[in-house]
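Heads up: the structure comes next, in structure tokens.
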């Protein structure tokens, strides 16, 4: 969740994002960065830079390396540089410079992936990074890109050169033709891979439909309806076994869908009437909850299989529990920016 150029809540938060298994989340601030355990909520690291802001923080599971990009009113680093921070040494150990602004960074143990506004560059994760690949994309100001963290699967997915298309490449075998998925007619707003790299979920700027595809064949597996009105999708995430997905939007709601068992999702009683528009046969979320503040948020599943977390731009943290019937209740509320190690 990128809150640049300005977070309307005035709390100094510029960026929030989960690590690869959603066990932690990192925040870029106007004065440094912070790392939290996601569930249970606990501040793990607070690095203050009195002289500058961090607009992007990318973790690598729970290891000591983080990718930082400067941002905010007084960026700590130039926004066209990726800095790899070693949290044991408390300093940057790798620096990669580009001719244009960095939109996002993705990490796996052997690769650094840097997203620019119309291309993606892949480097070795070594002390002197070596450029391996360059992939063209359509104009990609949001820096959309997902990298499978699984050691047995090196898939990288990003917007293709055609509007609404997703391209999937295997970094372990770039001779293999990429999988090209015409996911949506409109511009992509969000993409997400499951941990195993077998499924990809997509949404367009219209934000009414979420589509799930098989990454090896590109075949559509499920089409899910978030709502009938257009929405800006902030986040999509799978749970650990890819049986569920959660979706957050600017309508202040987080929806939970069954990704593997479509019978769990709600459907109109008119769904079987062949003469009615496709809308009536849509599969709707089986559970949803409202984020009380309505603030932009990212979402992921918690440590319990029936828990969903929401990390919000106003500094609020919510944990909701849902049951088989789809009923939802709030379990935890906290203000994560106001936490310190002493309070926990």
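Backbone N, Cα and C define each Cβ position, glycine as well.
Here's what Swiss-Prot has on this protein:
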REPEAT    183-223  repeat 'WD 1'
MOTIF     224-227  motif 'L/FRRG motif'
REPEAT    228-267  repeat 'WD 2'
The repeat 'WD 2' (228-267) [mean pLDDT, rounded to integer]: 84
For the motif 'L/FRRG motif' (224-227), residues assigned helix / strand / coil by DSSP: 0 helix, 2 strand, 2 coil
